[in-house]
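Undergrad: These came from TrEMBL, pasted as-is:
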type: DOMAIN; residues: 109-189; note: domain 'Beta-ketoacyl-[acyl-carrier-protein] synthase III N-terminal'
type: ACT_SITE; residues: 115; note: active site
type: DOMAIN; residues: 238-327; note: domain 'Beta-ketoacyl-[acyl-carrier-protein] synthase III C-terminal'
type: ACT_SITE; residues: 254; note: active site
type: REGION; residues: 255-259; note: region 'ACP-binding'
type: ACT_SITE; residues: 284; note: active site
Ligand SMILES: CC(C)(COP(=O)(O)OP(=O)(O)OC[C@H]1O[C@@H](n2cnc3c(N)ncnc32)[C@H](O)[C@@H]1OP(=O)(O)O)[C@@H](O)C(=O)NCCC(=O)NCCS
């Protein structure tokens, strides 16, 4: 392990054009802008067009990556899409992306880890590159949550939106310093019943479920899980790396709710000003929130070579996971 050091060499993202504002939601369910902003920090979300699915969001994010960095995809030999809203159960969304770009020879699959999906995928790709068995990976976090959101349920429809973020991972130069400082992961399947979308089973941990394919959530339980679990995970990452919270330059938590982010910051000692999130304008885009925020930070020129970047995802499962890296500027940034 680790004889090959992978690094991020290109980043891209995409969000659909259509905005769904809090004012729009006021016309759809009994809610108001003040309640939504006060409880979640969300002002608007992006909603995919009727025939625009997760694979399309992924393709646009990858096109953005190619346009910005001049990345070549022909030799990608690993393609992972983390999503909870695949166009189909099979073929995988990754297969649809592979077909669109005509990538000739790649292991392509979807990874299901809800809102922690991007972190799980990045860790998986990084490990497969470090082993030497793969050389170049496209890792995408994408979700079209509007397709599974019940727009008559005011407790959930205010939260979710659509988007995609993609990174290219390649072997670094021989002898390059490792930039992956720490990682931690966990899951608690007993929490599954608090955040789910029905598949082909009709009960979950003994509890009957029938949501007609829509997302179901017990917001309070999810909130509790997040604010209890993430600070412990952050502490574990810092301990592994021998760092204090003060040495984190950028914290990229999953953008689920601004109140959760504030609580995690308070509990970990990481200042809110050091977080990169997309909650205000994109809402919760599940697997896409972390790469979207990462890309936003890069485009704004905030991330600098050598910065300590801590990313943490959490969500349905329950699952959670974090990575701490020493930032290396993506190559040939434009
Ligand atoms: C969803 C969430 C914002 C709800 O906030 P909350 O403070 O827990 O609110 P509650 O569910 O306790 O509801 C409080 C009241 O507001 C009402 N309410 C719920 N949604 C509302 C809305 N959109 N507008 C106005 N009122 C609303 C409830 O009906 C309840 O009214 P009642 O007291 O008369 O019964 C919050 O629980 C949350 O963010 N949880 C985490 C969700 C999450 O991040 N999920 C994804 C994780 S990956």
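The backbone N, Cα and C atoms fix where each Cβ goes, glycine too.
Heads up, TrEMBL stuff is auto-annotated, nobody curated it.
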Undergrad: Within its own chain, what residues at least 6 apart in sequence put their Cβ under 8 Å from the Cβ of residue 254 (active site), listed in sequence order?
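TA: Long-range Cβ contacts: 115, 116, 284, 289, 290, 312, 313, 314, 315.
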Undergrad: Under the DSSP assignment, what numbers of helix, strand and coil residues are found in the region 'ACP-binding' (255-259)?
TA: 2 helix, 0 strand, 3 coil
Undergrad: With helix taken as DSSP H, G or I, strand as E or B and everything else coil, how many residues of the domain 'Beta-ketoacyl-[acyl-carrier-protein] synthase III C-terminal' (238-327) land in each class?
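TA: Result for the domain 'Beta-ketoacyl-[acyl-carrier-protein] synthase III C-terminal' (238-327), in helix, strand, coil order: 39 helix, 22 strand, 29 coil.
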Undergrad: What does the DSSP secondary structure composition of the domain 'Beta-ketoacyl-[acyl-carrier-protein] synthase III N-terminal' (109-189) look like, as residue counts for helix, strand and coil?
TA: 22 helix, 31 strand, 28 coil
Undergrad: Average the per-residue pLDDT over the domain 'Beta-ketoacyl-[acyl-carrier-protein] synthase III C-terminal' (238-327) and send me the rounded value.
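TA: Averaged over the domain 'Beta-ketoacyl-[acyl-carrier-protein] synthase III C-terminal' (238-327), per-residue pLDDT gives 97.
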Undergrad: Here are the active-site residues: 115, 284. Which has the lowest count of other Cβ atoms within 10 Å?
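TA: Ranked by other Cβ atoms within 10 Å, the active-site residues 115, 284 bottom out at 284.
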